[in-house]
Amino acid sequence: MDPQPPPPAQGSPPHRGRGRGRGRGRGRGRGRGRGGAGAPRAPLPCPTCGRLFRFPYYLSRHRLSHSGLRPHACPLCPKAFRRPAHLSRHLRGHGPQPPLRCAACPRTFPEPAQLRRHLAQEHAGGEVELAIERVAKETAEPSWGPQDEGSEPPTTAAAGATEEEAVAAWPETWPAGEPSTLAAPTSAAEPRESESEEAEAGAAELRAELALAAGRQEEKQVLLQADWTLLCLRCREAFATKGELKAHPCLRPEGEQEGEGGPPPRPKRHQCSICLKAFARPWSLSRHRLVHSTDRPFVCPDCGLAFRLASYLRQHRRVHGPLSLLAPLPAAGKKDDKASGARNSAKGPEGGEGAECGGASEGGEGQNGGDAAPARPPAGEPRFWCPECGKGFRRRAHLRQHGVTHSGARPFQCVRCQREFKRLADLARHAQVHAGGPAPHPCPRCPRRFSRAYSLLRHQRCHRAELERAAALQALQAQAPTSPPPPPPPLKAEQEEEGLPLPLANIKEEPPSPGTPPQSPPAPPVFLSASCFDSQDHSAFEMEEEEVDSKAHLRGLGGLAS
């Protein structure tokens, strides 16, 4: 029997008085006990080795090393461990674990964390605790993986069967190692058949309760397969691209699918006079008319390309780099056509989604004499509002995409890692993790690569100063030929006539005559500081008479400055 730890010193708080421990209130009451304000916590020594610990939990965990107890045994080999974390880490060495089965649906998961997340997302509400209880009962059965539907768990022959017979009847579900006797079932008072029947009854009850709330829960619709195709789980049809999957009728919202008794489609009263294509909304016709017109009012200031919509121009300007995106969009040119002027005035920055056609805006009727179109908000204002949080959107598709955040459903699942996503775009972006290889968006100025184009644009802000310097240098180089050239230096004859001193580069030394002795190189110049002239003794600077006369002669000729 292990000796009990000594009682804490006087003035130190007991273990239950530590407050929240590692929570937010950890720094408030640290080191303050009931004995006095600011009293330090007394360390707790180990009675066996004398090691000091700050908290009783650390001391009790340390005392397991002296006791030799290993309560967490491995069910596959004779090894045992002191902590459950060590056991879970050891189980990974036996190979992949069999999947865990959900008690409410036939889905399986390789990790307990994924099963808990599935229960919280799919079977949310009051059914989560019941589902966890069913899972705990099923995982407590002999085998870790899901049993066949027709098979029943093994039972002991009699209540008084020996432990060896129970171990022999225990099925071996793992290829590596043999189950230890600690994990084998012993003779229990209640038969195992009653437990399995109770678990099945609870699972059936849970499925019945979840069926009532199936109307507000979205089922899994799309699955990313191993061959990178998108599989529709409703009709089992695979698609190669995301656009083909979105056009699939199974992914349409409720009420818009054919034959489901939803609201009737809006009549298409607005018809194009050129191709006879009809539209249900006037602004859809206005946007369609741009296909037939040659009017391209949005011109790129960098390369001169013209576009029909401002959104097309904004997407094109990414080619010219981040500096082009920082500049404002140029305004559309003024047109004499009345219809185009009405379109440009009502179009707004998005370029056509909220623009009305000229005929519908001038008159009070539609294109073919229908009823007047309802008054629409100004361009850029939200038209669709979320009933849950009141957030506004300009497009109905954005409102549908936002509704997933309130439902909590994740209808898009990756088949490789069982990870779930709210949007199809997130699933397609996640596929790059399994594809491997370099990211598709490299930075042109550094070796970094990014998986998203937006991340690359955000990263290029770091090179903004460098790009601005390069742009300024290019501007200076472009302006250099236009500046007047510097005046040429005056000629030698002009300088001699004006009496100006010639530069040293233009003075040529005459070669010495053959009979003259070689001259010594000129002495280096001597520089005197101002402190030399502050001395009272000027004898060192007295010059001889010949030297004074020569200097006076030069000064008279103008060659020496006075």
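Each Cβ is built from the backbone N, Cα and C atoms, and glycine gets one as well.
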Record (Swiss-Prot) lists phosphoserine for one of SER67, SER151, SER194, SER361, namely SER194
Which stretch, out of 155-177, 247-269, 270-292, is listed as zinc finger by Swiss-Prot? 270-292
Quick check on the record annotations: which of SER65, SER196, SER340 is tagged phosphoserine by Swiss-Prot? SER196
Record feature omega-N-methylarginine (Swiss-Prot), assigned residue among ARG92, ARG192, ARG396: ARG92
Given 72-94, 532-554, which one carries Swiss-Prot's zinc finger label? 72-94
As Swiss-Prot has it, zinc finger corresponds, among 100-123, 124-147, to residues 100-123
Can you work out which residues elsewhere in the same chain, 6+ from the ends of the zinc finger (412-434), have a Cβ less than 8 Å from its Cβ atoms? 109-110, 114, 117, 121, 220-226, 228, 230, 242, 245-246, 401, 404-405, 440, 451-452
Output the single range from 44-66, 270-292, 298-320, 441-463 maximising the number of Cβ pairs under 8 Å to the zinc finger (72-94). 44-66
